[in-house]
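Visitor: Below are the features I grabbed from TrEMBL:
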- A:3-274: domain 'UvrD-like helicase ATP-binding' (DOMAIN)
- A:ALA24, A:GLY25, A:ALA26, A:GLY27, A:SER28, A:GLY29, A:LYS30, A:THR31: ATP binding site (BINDING)
- A:275-566: domain 'UvrD-like helicase C-terminal' (DOMAIN)
Amino acid sequence: MSFPLNPEQQEAVHSTKGPLLIIAGAGSGKTRVITQRVVHLLKQGLDPRNILALTFTNKAAKEMRERIGEDIGGKQARGLTLLTFHSFGMQILQHNAKLLGYSSGFSIYDTVDGMSCLKESAAELKWSADFNTLKQAQSVISRIKTERSDWDEESLPFKALYEEYHRHLKAYNAFDFDDLICKPVRLWAEHPEVLERCRQRYQCVMVDEFQDTSIMQYRMLRQLVSVHRNICCVGDDDQSIYSWRGANFENIRLFETDFPERKEIRLERNYRSTETILDAANAVIRHNQYRKDKNLRPAEESKPEKQDSLIICHFPETDEDEARFVCDTIRKLRSLERVKYDEIGILVRTNGLMRTLESHLLEARMPYVVSGGQSFFQRAEIKDLIAYLRVLQNPDDDVSLLRIINKPNRRIGPKSVEKLRSLAHIRSWSIYETMRDMVMNKDARHPELAESCADFVMLLEELRPQFMSAPSPEVSLSALTKSLIEEIDYWDFLLQQFAERPEGAKRRFDTMQSFCEMLKRWEGYEGRTERTLKSWLARISLITRDDLDDEAEGKISLSTIHAAKGLEFDLVLLCGVEEGLLPHFRSQEEHAYDEEEERRLFYVAVTRAKRWLYLTSCGSRTKNGKQVECQASPFLDEIPTRLTGAEHELSEEDSENMLEQALANLPWLRDSEQD
DNA sequence: GAGTTCTACTTTTTT
DNA sequence: AGTAGAACTC
């Protein structure tokens with residue numbers, strides 16, 4: 001990737017005034033352009049404090065920060081604001097919490113926390129809502145808050161619940177994910193002086209993955225830059241795969257109308273993939289109607305020494321065969337083409353498909369990492385631990401408090417909780433305040449309740465000052481957290497819970513230990529300015545996936561297509577290219593647009609491949625324990641047949657080559673290390 | 001209030 | 001298949 005910038009890229013980097021829209025096809029060196037542009041701005045003498053760069057994932061932010069650091073040195077980039085949209089929103093809220101009637105130690109609720117809050121709100125309204133209705137309510141509320149839809153017949157019945165939910169959030173001093181965007185927008189509208197300060201500061205704004213912005217995020221941007229209009233958005237409508245969480249790729253068109261004076265640059269030279277793969281990708285995406293027309297073409301400079309391989313479509317009988325085929329292919333290409341493990345990506349549409357693949361990789365002793373899937377921070381034991389920390393930071397957080405009130409068992413069961421709740425309600429206090437008052441004032445009316453709450457209250461009262469004054473030279477947060485785990489004897493609690501399977505308890509306990517290790521590393525990081533509990537909580541509440549993929553080196557990536565966006569591999573194996581999976585059947589019921597999104601997903605998967613692309617589609621697969629018949633995905637037919645080949649049996653020559661390679665690889669003969 | 005057994009259903013994707 | 005929640009028993 002050390003080619004000089006091509007003319008379009010040059011232009012993008014050097015256009016620093018006024019609105020700029022960069023349509024960047026897959027593999028067109030987008031990240032490089034953004035980082036170079038930042039570097040260029042800095043070299044022009046712009047104060048890094050005046051630059052705001054927004055991304056969608058922590059991973060992207062991290063990568064960009066590293067690349068800028070490499071180019072210009074971290075020191076010169078200090079003060080640069082390079083954040084995810086959500087972190088940016090959170091920062092604004094932290095600085096202005098008071099104006100919204102919050103305090104700055106607020107909690108941030110993920111979907112699960114939000115659901116418990118919603119449940120309580122429903123109970124408050126005497127709704128006997130079942131889980132599915134609540135799920136629906138949650139998605140309606142989110143749609144409203146991202147401005148995907150307005151109140152209509154479908155959502156209106158939930159309006160009372162919506163309001164109650166927000167009353168609860170506020171009482172708990174908590175925000176949900178969507179609040180991190182929509183509250184700052186409202187804050188700016190109601191307090192122009194706050195907006196003005198931001199405008200003054202951020203003279204130059206850049207947005208990555210612009211096609212993933214929601215309408216609310218777009219409004220946020222527009223508010224921010226409407227005066228100086230120095231905004232650069234980089235995106236690719238063909239890679240918009242997040243509309244289910246509010247992404248609105250039409251924002252690209254909105255941008256064109258709102259900023260008629262914009263400059264528009266297209267990056268269509270692809271530095272990543274072989275011509276075969278590009279042809280396939282172009283052919284597929286052409287079937288989409290709602291898109292900006294573009295065509296990826298190979299960059300002239302790109303490597304003629306690499307020969308083009310056909311795209312292999314393979315149709316195994318079952319998912320077991322598919323997994324076996326994946327392992328065989330990896331073995332073969334490693335041997336014949338010397339593909340390295342970390343240049344291999346196995347992509348799937350749904351997390352559910354990973355299990356079989358994983359077990360075969362394990363059996364074949366192939367090193368791999370999974371990205372996507374349940375995050376470290378969503379595991380029950382970690383959520384418990386975080387709930388403790390949150391309650392210490394923010395005692396009004398009833399949701400977190402209730403999560404741990406009886407973990408480990410303190411004889412505060414549903415009955416007691418109900419009582420506490422009604423007492424709290426009467427006085428409009430938080431549950432913690434209610435408990436504390438009861439214990440401290442030896443409430444004679446509820447002796448048993450006060451009795452059972454006493455230890456818990458005393459524990460928290462004792463811990464809070466310690467945590468609040470940490471870190472001090474003597475005590476670190478991580479040490480405190482470790483002792484917290486001891487104090488509550490979580491280990492014992494786990495043993496009880498996993499009486500039958502002590503390994504399960506062990507695993508969970510280890511997870512908690514690694515949480516402490518992470519905290520320790522975070523604390524130890526020298527560039528850190530704030531090491532308080534508050535900032536740690538803020539930091540981790542926006543990490544949903546493990547962006548901390550430390551040890552991906554030398555390992556195969558097993559990933560959902562969504563999680564693979566932005567990555568590239570020499571060899572991509574896309575599994576489960578089946579009707580109902582890709583396109584996913586849930587998408588077929590709804591809008592016509594959704595078929596296009598599924599196609600974009602397929603397109604994203606295809607364009608991850610640099611040299612070899614394998615697509616598999618099974619005759620049947622095990623789903624939820626039962627064997628289900630499968631049909632090949634219609635998307636497969638959109639790849640011109642001249643580009644595809646069926647997988648052939650290994651020829652004699654291949655086998656010989658493989659044997660030869662294997663021998664050459666024997667440790668005592670090998671002279672050069674690989675992987 | 002805690003522990004046990006049974007049922008139902010899950011996940012499409014993630015900040 | 002595995003888990004979470006509900007119902008049921010002590």
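Just so it is clear, glycine is given a Cβ too, placed from its N, Cα and C backbone atoms.
Burial and contacts for the listed features, if you can.
Guide: Every protein chain shown contributes to the tally, and the Cβ of A:ALA24 (ATP binding site) ends up with 27 other Cβ atoms within 10 Å.
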Visitor: Within its own chain, what residues at least 6 apart in sequence put their Cβ under 8 Å from the Cβ of A:LYS30 (ATP binding site), listed in sequence order?
Guide: A:ILE22, A:ALA24, A:ASP208, A:VAL234, A:ASP236, A:LEU267
Visitor: Take every residue in the domain 'UvrD-like helicase C-terminal' (A:275-566), average their pLDDT values, and give the whole-number result.
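Guide: Looking only at the domain 'UvrD-like helicase C-terminal' (A:275-566), pLDDT averages out to 82.
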Visitor: Which of the three DSSP states, helix, strand or coil, fits A:SER28 (ATP binding site)?
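Guide: Where A:SER28 (ATP binding site) sits, the three-state DSSP reduction gives coil.
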Visitor: Excluding A:ALA24, A:GLY25, A:ALA26, A:GLY27, A:SER28, A:GLY29, A:LYS30, A:THR31, which residues of the same chain place their Cβ within 8 Å of the centroid of the Cβ atoms of the recorded ATP site?
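Guide: Nearby residues not in the site list: A:VAL33, A:ASP236, A:LEU267, A:ASN270, A:TYR271, A:ARG272.
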Visitor: What are the non-local neighbours of A:GLY27 (ATP binding site), defined as same-chain residues 6+ apart in sequence with CB under 8 A from its CB?
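Guide: For A:GLY27 (ATP binding site), the qualifying residues are A:ASN270, A:TYR271, A:ARG272, A:SER273, A:LEU296, A:GLU568, A:THR607.
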